[in-house]
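According to Swiss-Prot, the protein carries these features:
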type     : residues                                             : note
BINDING  : Cys12, Cys103, Cys198                                : [4Fe-4S] cluster binding site
BINDING  : His43, His81, His131, Thr170, Ser226, Asn228, Ser271 : (2E)-4-hydroxy-3-methylbut-2-enyl diphosphate binding site
BINDING  : His43, His81, His131, Ser226, Asn228, Ser271         : isopentenyl diphosphate binding site
BINDING  : His43, His81, His131, Ser226, Asn228, Ser271         : dimethylallyl diphosphate binding site
ACT_SITE : Glu133                                               : active site, proton donor
Amino acid sequence: MEVIKITPRGYCYGVVDAMVIARNAALDPSLPRPIYILGMIVHNKHVTDAFAEEGIITLDGENRLEILEKIERGTVIFTAHGVSPEVKKRALEKGLVTIDATCPDVTKTHRLIEQKLADGYDIIYIGKKGHPEPEGAVGINPERIHLVETPDDVERLSLKNERLMVTNQTTMSQWDVADIMAKVKEKYPHVEMHKEICLATQLRQEAVAEQAKEADVTIVVGDPRSNNSNRLAQVSEEIAGTKAYRIADVTEIDINWIKNAKKVAVTAGASTPTPITKEVIDFLEQFDPNDPATWERERKVPLQKILPKVKTKKEE
């Protein structure tokens, strides 16, 4: 069986930056304890488990404001997905030390939205309902930012403002965004369009669209809550025409998916640790459908190998 290692795949710079920021916080004795992450720093349970070993507590819940109310003291880290101005304000009111690990691409979209709001625009925001990135973006001004996820949501809009802009969550399928933006343009011909798919997401989706065509099946390594991982599986099926399965790690591979495959493509979400993906690739490369001894799927990657290394200041 041939394994097609789709390139590029895995970590993006925004994820690595967020993890380094959180790791440095764990190593900084001057920061007040406990140290909390407001939601998952990135959408990968292996990463949050690794941070738990470093003494950083991940708090999750329906929304960021609700989670914040659970924190009485210490330090709070805002995740790569960004937060609303209201969350930042409330954290300061509670006297918490805050560390912002928002992805620069998300920050760029927030600034664009803020500028357009100041110029009198209403915003149509294409995003996944219940995902923290749209929560943070819509939270800038819930009265004038309108979240849509499907063309049907666009149909239900009733906006009178002549000043309209449409933009999007950075990790959406670029094909879905294009379809929904076309629907918005059809309904509101005067709308300004700002496509904000981040470059890392775009390149990974395009790689799957092209390279997965040759495969019998695609394995996407990524957490079930990772939107960009789920979109890679969607791209494989809808654009490349190749059946795809998303797995958190090697233990979730079903032998029935691969036992008759001649070519298996592998990619990984932007928040998937490289050692977790490597373990999947190693398993597939040694897999023999006729030898059950090669079918064992056990995750052996230690948690301390999950997080990126950080430079520590040498004592003088």
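Just so you know, glycine gets a Cβ as well, placed from its N, Cα and C.
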For this session: Whole-number Å only: compute the distance from the Cα of Cys12 ([4Fe-4S] cluster binding site) to the Cα of Ser271 ((2E)-4-hydroxy-3-methylbut-2-enyl diphosphate binding site).
Result: 7
Problem set entry | Fewest Cβ neighbours within 10 Å, where candidates are the binding-site residues His43, His81, His131 | His131
Problem set entry | binding-site residues near Cys103 ([4Fe-4S] cluster binding site), in sequence order, restricted to His43, His81, His131, Ser226, Ser271 and a 10 Å Cα cut-off | His81
For this session: State, in Å as a whole number, the widest CA to CA span among the dimethylallyl diphosphate-binding residues His43, His81, His131, Ser226, Asn228, Ser271 given in the record.
Result: 15
For this session: Fill in the CA-CA distance, Ser226 ((2E)-4-hydroxy-3-methylbut-2-enyl diphosphate binding site) to the residue listed as 'active site, proton donor', as an integer in Å.
Result: 11
Exercise. In angstrom units, rounded to an integer, how far apart are the Cα atoms of Ser271 ((2E)-4-hydroxy-3-methylbut-2-enyl diphosphate binding site) and Glu133 (active site, proton donor)?
Worked result: 14
For this session: Just jot down the residues in the same chain as the residue listed as 'active site, proton donor', at least 6 apart in sequence, with C-beta under 8 A of its C-beta; none if empty.
Result: His81, Gly82, Val106, Gly127, Gln169, Thr170, Thr171, Asn227
Exercise. Does anything in the same chain, at least 6 positions from Cys198 ([4Fe-4S] cluster binding site), have a Cβ under 8 Å from its Cβ, and if so what?
Worked result: Cys12, Gly14, Cys103, Asp105, Thr170, Thr171
For this session: Could you tell me which three-state DSSP class Glu133 (active site, proton donor) falls into?
Result: helix
Exercise. What are the other residues, in sequence order, whose C-beta lies within 8 angstroms of the center of the C-beta atoms of His43, His81, His131, Thr170, Ser226, Asn228, Ser271 at the (2E)-4-hydroxy-3-methylbut-2-enyl diphosphate site?
Worked result: Val42, Ala80, Glu133, Thr171, Arg225, Asn227, Ser229, Gly269, Ala270
Seminar exercise, completed: Given the [4Fe-4S] cluster site Cys12, Cys103, Cys198, its other Cβ neighbours within 8 Å of the Cβ centroid, in chain order, are Tyr13, Gly14, Val15, Ala80, Pro104, Asp105, Val106, Thr170, Thr171, Leu199, Ala200, Thr201, Ala270
Exercise. Within 10 angstroms of the C-beta of Ser226 ((2E)-4-hydroxy-3-methylbut-2-enyl diphosphate binding site), what count of other C-beta atoms is obtained when all protein chains are considered?
Worked result: 25
